[in-house]
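Engineer: Sharing a structure below in structure tokens format, with a few things to ask.
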Amino acid sequence: MIFDRKQLRKYFVMGSQNCVRAPGMLLEEAARSGITAFQFREKGPGSVFGGDKIRLGKRFRDICKRYNIPFIINDDIELIDFLEADGIHLGQQDAKADEIRAKYPDLIIGLSVSNMEEAKSPQIEYADYLGAGPVFWTATKVDAKQATGVEWIEQLRVLYPDKPIVGIGGIKPENAQSVLEAGADGVAIISAITRSKNVQETIDQL
Ligand SMILES: Cc1ncc(COP(=O)(O)OP(=O)(O)O)c(N)n1
Ligand SMILES: Cc1ncsc1CCOP(=O)(O)O
Ligand SMILES: [Mg+2]
């Protein structure tokens with residue numbers, strides 16, 4: 001799939017551990033409601049492994065294909081081929097973007113950047129987009145770094161005027177606008193969607 005920065009605009013990140021109801025039905029509803037990308041992040045307490053993870057991933061991938069939404073895998077490079085993923089999101093502790101790029105020239109590659117040292121890494125050149133944050137406080141990622149504030153998005157935008165950037169961490173309808181105004185191309189969201197009582201309304205508000 002050809003990457004377009006517009007696909008970052010409403011980027012839903014989720015694993016079964018984040019869901020209070022059937023994950024497939026939630027993704028289907030989010031896709032119908034207008035998310036522009038999806039990241040399969042099956043990770044942490046309550047997540048599934050092995051064959052169950054692959055089965056769940058295939059289900060999610062099929063939904064994304066039907067809605068023509070990029071299906072991006074978090075961390076797990078072994079699943080790229082298995083799940084025919086459109087992309088991979090890598091953190092600083094994950095596989096190296098240059099190695100993945102050499103193996104998969106057309107794969108969408110996302111890279112997390114949380115501070116100035118990471119932002120100056122030569123790996124950035126191999127990434128299609130940067131995941132910046134956590135912008136605000138979040139309870140969703142247990143090992144999340146300290147919140148950066150929207151100032152971090154502003155700094156990254158100055159450093160990389162043309163690089164697609166998505167903000168992540170504690171983003172909800174009430175603060176999404178401030179992330180976009182700081183220079184992000186989009187917002188990546190877990191709990192504001194998984195815990196929403198009205199998914200369509202939440203995604204519209206974003
Ligand atoms: C879009 C996006 N941005 C940042 C992250 C965080 O990635 P990482 O730092 O590797 O942490 P984990 O998500 O793997 O726990 C992300 N997943 N997506
Ligand atoms: C995966 C991830 N990376 C940085 S913060 C975060 C969690 C985002 O979850 P939420 O949208 O619920 O704050
Ligand atoms: Mg990671």
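Yeah, the Cβs are placed from backbone N, Cα and C, and that goes for glycine too.
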Engineer: From the candidates Lys6, Lys10, Lys141, give the one listed by TrEMBL for the same 4-amino-2-methyl-5-(diphosphooxymethyl)pyrimidine site as Gln39, Phe40, Arg41, Glu42, Lys43, Asn74, Ser112.
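Structural biologist: For the 4-amino-2-methyl-5-(diphosphooxymethyl)pyrimidine site that includes Gln39, Phe40, Arg41, Glu42, Lys43, Asn74, Ser112, TrEMBL also lists Lys141.
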Engineer: Taking the Cβ of Asp75 (Mg(2+) binding site) as reference, which residues of that chain separated by at least 6 in sequence fall under 8 Å from it?
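Structural biologist: Set apart from Asp75 (Mg(2+) binding site) by at least 6 residues yet with Cβ under 8 Å, we have Arg41, Lys43, Ile88, His89, Leu90, Gly91, Asp94.
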Engineer: For ligand 2, which among the binding-site residues Gln39, Lys43, Asp75, Lys141 have a CB under 6 Å from it?
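Structural biologist: So the answer is Lys141.
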Engineer: Taking ligand 3 as the reference, state which of the binding-site residues Glu42, Asp75, Lys141 have a Cβ closer than 6 Å to one of its atoms.
Structural biologist: Asp75
Engineer: Select, from Phe40, Glu42, Asn74, Asp75, each of the binding-site residues with a Cβ positioned under 6 A from at least one atom of ligand 1; if none does, say none.
Structural biologist: Asn74, Asp75
Engineer: Have a look around Ser112 (4-amino-2-methyl-5-(diphosphooxymethyl)pyrimidine binding site) and count the other CB atoms within 10 A of its CB, chains all included.
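Structural biologist: Total other Cβ atoms inside 10 Å, all chains included: 19.
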